[in-house]
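Chemist: Following this message is one structure expressed as structure tokens.
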Amino acid sequence: MKVAIIFLLSALALLNLAGNTTAKVIGKKANCPNTLVGCPRDYDPVCGTDGKTYANECILCFENRKFGTSIRIQRRGLC
């Protein structure tokens, strides 16, 4: 009986510790306007957290809105 109680308490403690983990957020959030009609044709490449190079930050925002994704800017420049 004592062994079962100790086992149960240990299992609960491990489950509690496992539930407290948080996901690490990678990259910088893109500066996206609330209304996005179109994007300028300026070439100022950004590397998304999906490993794809976008022509500019606006294009990344447009793709996020179009496909319902939340790709962030990993860095400025080509991937």
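The backbone N, Cα and C atoms fix where each Cβ goes, glycine too.
Just so it is clear, the model here is predicted, and its values are computed rather than measured.
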Chemist: Name the residue from Cys32, Cys47, Cys58 that Swiss-Prot records as disulfide-bonded to Cys39.
Modeler: Cys58
Chemist: Could you identify, going by Swiss-Prot, the member of Cys47, Cys61 that forms a disulphide bond with Cys79?
Modeler: Cys47
Chemist: Sort the residues of the domain 'Kazal-like' (26-79) into helix, strand and coil with DSSP and give the three counts.
Modeler: 11 helix, 10 strand, 33 coil
Chemist: What is the separation, in Å, between the Cα atoms of Cys61 (disulfide bond) and Asp44 (site 'Necessary for sperm binding')?
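Modeler: Cα-Cα distance, Cys61 (disulfide bond) to Asp44 (site 'Necessary for sperm binding'): 14 Å.
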